[in-house]
Amino acid sequence: MTDQTPKRLFIKTYGCQMNVYDSQRMAEAMGAEGYVETDRPEDADMVLLNTCHIREKAAEKLYSDLGRLKPLKAERPDLRIGVAGCVAQAEGEEIIRRMPLVDLVVGPQAYHRLPAMARGQGPAVDTDFPAEDKFDHLPQRRATRRAPAAFLTVQEGCDKFCAFCVVPYTRGAEVSRPAARILAEARDLVARGVREITLLGQNVNGWHGDGLSGFGGLIRALAAIEGLDRIRYTTSHPNDMADDLIEAHRDIAQLMPYLHLPVQSGSDRILKAMNRRHTAEQYLRLIDRIRAARPDIMLTSDFIVGFPGEIDEDHAATLRLVEQVGFGSAFSFKYSPRPGTPAHGRPLVDDSIADARLQELQALLTRQQRAAQEGMIGRRLGVLFEKPGRLPGQMVGKSDYLHSVFVHAPQARPGDLVQVRIRASAPNSLEGELA
Ligand code: SAH
Ligand code: SF4
Ligand code: F3S
């Protein structure tokens, strides 16, 4: 290989959308070092695994993937292998001890130092929470045309300390990016063809950057950007749903009628043990206020079953809350004890009981999802086309309510925002025709 040949970077992303965003920013930073992305690890000069620590299974995936890289590294010892993300933060040097083929470990707040680490300058392990803001030290977003929908991280970390959750430890304290930086990045994305931006944060509605009055104010400022047609945000905490944000759902046409608002449990006893700091009743009243502001809003949530101490009555309360709200869809997980979190070490619910509860909850949520999707049949929805579908002449995009929608539209292109009449519902998508 000559010096002219670009070096190749393979990135695998696990976990949440913030990791997806971070992977893009790391790819851009490495792009400035002459790396281009490849989707085959076999072709790569550097493999970067951007990891998730939220549940045990997520973290274990890293080690099985590293195991699979062993023959590749044996064949080509100059292959650089890096581990980024939340496992990197949580386990640090331990990763290299357990898997010596790993060359570098970089935590989520130190990505701006990745290029130097890749050059072999600086330490092999960097899990600092530096005083400087990584975003100020990462290169400008790359000057190419972009897909019509993009992520933009506005807030990182979390101060809520839910008893089950690693995020406050892996991502650190809650930090909001300044409004001016966010608005500049959004304008830049729009100039490159982006029409929809999803604002990201572990606790995004707790954003409290300078210059604007809270997260509702940030959304209003973004809505003033010409060409930004759709705004979404995720993930929110119920206790940070301020009045001005609820009002934004009423007033701002660009703010899509969709809200992911994790509740985790419908039992007050369990909510307390989880340190969620609200009751089921408070959540239901909040939903009432949000629906009063935006009656058609699609609500989604996260649930944990089998949290330590959960008994049948608690589970029944969760099912009741789900019945009362009516979710468009939701994620549900079996509790996974995480080292270093307050709930770690508490006596576990019997595994077969937790499995049965998870199945029961998921069956109910699936029924609600199906009903919500079938309720869309016959309606006209806005759809932003993102890419061609599987069939010839087909496009796929997202509805206002974030459903994937397949449409026969041979003349259309990614980035077209069209009206679609919904004709049918499949398990995880809708089908429609141009209206
Ligand atoms: N910041 C977001 C989401 C954090 S992680 C929030 O506050 O809601 C995404 C989801 O993973 C959580 O909502 C929770 O349902 C689930 N989760 C987090 N820790 C978990 C654990 N230890 N076991 C099982 N599920 C967990
Ligand atoms: Fe984790 Fe709770 Fe913070 Fe969400 S609010 S990131 S669940 S600690
Ligand atoms: Fe996972 Fe870290 Fe996101 S633990 S869910 S990648 S913040």
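Any Cβ shown, glycine's included, is placed from N, Cα and C.
Predicted automatically and left uncurated, TrEMBL annotations should be read as such.
Here TrEMBL flags 7-123 as domain 'MTTase N-terminal'. Annotation comment: TrEMBL describes Cys16, Cys52, Cys86 as [4Fe-4S] cluster 1 binding site. Residues or ranges marked as domain 'Radical SAM core' in TrEMBL: 144-374. Residues annotated as [4Fe-4S] cluster 2 binding site in TrEMBL: Cys158, Cys162, Cys165. The domain 'TRAM' annotation in TrEMBL covers 374-435.
Under a cutoff of 8 A between CB atoms, and with a sequence separation of 6+ in the same chain, the neighbours of Cys52 ([4Fe-4S] cluster 1 binding site) are Tyr14, Gly15, Cys16, Asn19, Ala58, Ala59, Gly85, Cys86, Val87. In the shown protein chains, 24 other C-beta atoms lie within 10 A of the C-beta of Cys158 ([4Fe-4S] cluster 2 binding site). In sequence order, Ile54, Cys158, Arg338, Thr341 constitute the residues six or more apart from Cys165 ([4Fe-4S] cluster 2 binding site) in its chain with CB-CB distances below 8 Å. Residue counts of the domain 'MTTase N-terminal' (7-123) by helix, strand and coil are 58 helix, 24 strand, 35 coil (DSSP-based). The domain 'TRAM' (374-435): residue composition by secondary structure is 1 helix, 36 strand, 25 coil, according to DSSP. Among the binding-site residues Cys158, Cys162, Cys165, no residue has its Cβ under 6 Å from any atom of ligand 3. Among the listed binding-site residues, namely Cys16, Cys86, Cys162, the Cβ with the most fellow Cβ atoms inside 10 Å is that of Cys86. Mean pLDDT of the predicted structure over the domain 'MTTase N-terminal' (7-123): 95. Checking the binding-site residues Cys52, Cys162, Cys165 for a CB within less than 6 Å of any atom of ligand 1 leaves Cys165, listed in sequence order.
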